[in-house]
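Step one of this worksheet: look at the structure below.
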Amino acid sequence: MTFRQFAYRNVVRNRRVYAAFFLASVFSVMVFFLYSMLMFHPGIGERFITGITVIGMTSADIILYVFTLFFLFYSMRAFMQARADEFALLLQIGMERRQLGRLLFFEMLLLGAASIGSGIIAGFAFSKYFFMIVKEVLDLPELPLYLSWQPFALTAGAFLSLFLLIGVMSSWIVRIRDIHDFRKGIGAAADPFDYSATKAAAGLFLLIASYAAAPLAGRVNVLYLAVLLPPAATLGTYYFFSHTVLWVLDLLRKRKSIYWRHARLVSFAETAVKIKDNANMFFIVAIVSTVAFLSVGTLASLASYTAQYRALNPLGLVYLSQPGNPDEQTHIASLERELKQRGLSYEEVPLTVVREHSSFSGQPLNVLRESEVNRLARVLGREGVRLRPGEAAFLPYSPDAASRLEGAEIDTVLEQSGVKVAVRGTMNDLLFPAYALGTNSIVLSETDFIKAASAQADRLYTFYAFDVPNWEETVGIGLGLSARMSQAALHNGEEALPFFFENPGSDYAVIRSTFHLLLLTGLLVAAVFLLAAGSFIYFKLYTMLDRDRRQAAVLRRLGFTDREFVKIVNRQLVPQFFLPWGLAMLHSTFAFLSLQAIWKEITDLSIVKEMALVLIAFTVIQLLYFYLIRWRYLAHVKGSV
Amino acid sequence: MFCSPKAPKKGMNLLPIVRIEDIIKIYEGKVTHRALDRLSFEVTDGEFLAVMGPSGSGKTTLLNLISGIDKPTSGRILVAGTDPSELKPDEAARFRRQELGFIFQDFNLLRMLTVEENIVLPLTLDQVPVKEMDARMRAAAKRLGLSDILHKRPDEISGGQEQRTAIARALIHRPSLVLADEPTGNLDSHAAREVLDLMTAINRENGTTLVMVTHDPIAASYCDRVLFIKDGAYYNEIHRDDRRRTFFQRILNMLSLLGGNVDDLSSVRLP
């Protein structure tokens, strides 16, 4: 048997221990590969929303890489602890430290090669489905599978470097560290109830303070909070696992009437041991899960932006013609023609707009005509407005603006025409998107409007509002106009164009697919995080399995029934699974609360539903994972007593 | 006194507390192994019995059968009037924690519990009031000289103290029978003597029945009777006489006859 064969057999025969480690690595490689496949897709420059897609995929790849590095490093250390006895034996029978280091290096390389191979194969096998999903998400006509060396090279290169790095580190650690340190490391954590009461209290205080401060976030203090809260919550989390939990358990322990009951003696103390031993890991898992929940939650909330897009954009197409626009009729005719070609039914409402200045605010003001606005309202199926001469009403640009302007009473003079108006309240419903007419528009009664319009008869704007019931199908209509708009935006500013054109259906398609793509990316990354977090726990359990098994045998002899034993296992597994995760839930809930506060300022959107959905989905996954691992753990511990 | 005073040694009623009848235990596997072969014996109430035999003679299997951890292939076992092999798993567990006490070679204290917590462990399962648990624990600790280390954990005390803690744990629930598996195997000679003296005293003063499996002829010489088994079958037995020295010698002679490879014998055979 050569040295390399020995390393190989070590891995193959320890496969049960390596399994969780291996699976998480394979999954990570696979997801990395899928992203790379998309990154290098030949069609990417043509049809994709290139920028965001590439940035999203690249950052997801980088996050995956860094995270996998940490995961492997941590697992490697735990694994070395678990095998300390084996190392001690090898050293005792005369293996040199250098050789032991080489053994570990080989093992890591083998594992790396296997993970990379399986990950890439799995990734390639799934890439067809992945592309199908992406195609749906991006609304692309087709996204063909392609074969190129680049994604393969990137994935293999990235992960090979990663495993090499870990291999070198592990062989280095085993050379410099005293094996007996490792041996002591497992489960023999000195006193499980060795904690600092000050730090325990500090942890509790930091967490409660952060939670209390989170919902207070507003536009003003958001910066302070963004700087202060995450570090405070992170430190609080750290103290929570390394001190606060033990403190609480110790308080319970001192009450014999609670502690000396049933299996509690064993299960509480065992929980303390496991938490003490794994405090660092729980801390990492809690923080990583928080980040995962948050990123997916944020993306989900962005995706919900598209769902409410229609509410903010009630019109199918929008064309605003400035005074002296020579192409007005040609443009409108071509839009009508394109709509007819697509077989889309539509209704077209031209509205005359007068640009005025308000003496009240000194701001520019758009003035519209009662009869025309009412016609548009009727077409959109909304409520119209009834004005007496001298009266006016605001046109809200968002639901929030509508409620704010409700009951407003402003008396003002239109400076250009000298018309006096009393603005009384607002129209109830949204008729125009904010970008079309700006944020300051009012409706005038017929007589007042005619006065205002005649004052500057040569400077009238015409606003063409198209109502298209199947507004999502307008993608591509007015492409020429959109192109001129973006050209102008790039060169000399949109002001220079004699018109303004907007196709909300097209915009919607772009926004929707971008967010969905980011969401998909975030979900996959979060899935890798979750799997890795579960693997950490499984792995740690496995490293303590021998000790737990011996203990189970003793308990059995002392007369613990199977039920009591399962209870003990539950009591020590549940905190391991649900404490980091529960804390992550709390963290992200409060973070969402502050996000909600900020969000409200920005877009008038509520994200409670999305947040709840994301958290519920993660809960279900976590529960499944808990039962899976409990089942395996029980089988192992009870197995060979 | 922390254990219920049973009948004093002299007026010992000779009811068997353990009755083993013709038990056979066969382990099926790649190699079928007959661990116990038609073994029969009895242990009377209040007796201190040693079971000796070479490695692999089935001693540990025997303890597992008596405690209901394992079931015999055939034959009958009665412990305190119950056949542990007929109990359902939960009943067997309850039987163990009420009727039996265990002392192990490597003590098997739970490392994360303090001495006092280790001692009360068997009682916590049976809803004993805290006051009584506390009282019993203190009495046992006093008796075994553990009062000063009640709040230490097993890692902080000596092997002898660990084994005394284990003895306290084995006795706290006043079991009908205490099973000891090489209780002195991991102790130095001083601590071993201390533990054996304590076991003898408890047997004498409280009438606790003890069955000890051992390799060590010195340990066996503390008992009332030594049962020898070889290859899972009854080989012979000898009773204690007035002087431990001669009893010890007779045990050695018997072991020589028994042959086998009792490793720790070579050093003691030649005085």
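Using the three backbone atoms N, Cα and C, a Cβ is placed for every residue, glycine included.
Bear in mind that TrEMBL entries carry predicted annotations, made automatically and left uncurated.
Proximity of distant same-chain residues to the transmembrane segment (A:21-42), defined by a Cβ-Cβ separation under 8 Å and at least 6 residues beyond the stretch ends, is recorded for 15, 48, 53-54, 57-58, 60-61, 64-65, 67-68, 71-72, 75, 79, 111-112, 114-116, 118-120, 122-124, 126-127, 130-131, 134, 143, 146, 148, 150-152, 154-155, 158-159, 521, 524-525, 527-528, 531-532, 535, 539. Taken from TrEMBL, the feature transmembrane segment applies to A:21-42 (among others).
Here TrEMBL flags A:48-74 (among others) as transmembrane segment.
The domain 'ABC3 transporter permease C-terminal' annotation in TrEMBL covers A:62-175 (among others).
Feature annotation from TrEMBL assigns transmembrane segment to A:103-131 (among others).
Counting same-chain residues at least six beyond the ends of the transmembrane segment (A:151-174), those with a Cβ under 8 angstroms from any Cβ of the stretch are 25, 29, 32-33, 36-37, 39-40, 61, 65, 68-69, 72-73, 76-77, 80, 87, 97, 100-102, 104-106, 108-109, 111-113, 115-116, 119-120, 123. Annotation source TrEMBL lists transmembrane segment at A:151-174 (among others).
For A:195-217 (among others), the entry in TrEMBL reads transmembrane segment.
What TrEMBL lists as transmembrane segment is A:223-249 (among others).
Taken from TrEMBL, the feature transmembrane segment applies to A:282-305 (among others).
Feature annotation from TrEMBL assigns transmembrane segment to A:515-539 (among others).
Taken from TrEMBL, the feature domain 'ABC3 transporter permease C-terminal' applies to A:524-626 (among others).
Summarising the annotation, TrEMBL assigns transmembrane segment to A:577-599 (among others).
When Cβ-Cβ distances below 8 Å are used as the criterion, the transmembrane segment (A:611-629) is approached by residues 289, 292-293, 296-297, 300-301, 526, 530, 534, 537-538, 541, 573-574, 577-578, 581, 585, 588-589, 592, 596 of the same chain, each at least six residues removed from its ends. If you look up TrEMBL, you'll see A:611-629 (among others) marked as transmembrane segment.
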Which of A:103-131, A:195-217, A:515-539 has the most Cβ pairs closer than 8 Å to the transmembrane segment (A:223-249)?
A:195-217
For the domain 'ABC3 transporter permease C-terminal' (A:62-175), mean pLDDT (0 to 100):
83
Quick one: DSSP breakdown of the domain 'ABC3 transporter permease C-terminal' (A:62-175) into helix, strand and coil?
99 helix, 0 strand, 15 coil
Under the DSSP assignment, what numbers of helix, strand and coil residues are found in the domain 'ABC3 transporter permease C-terminal' (A:524-626)?
94 helix, 0 strand, 9 coil
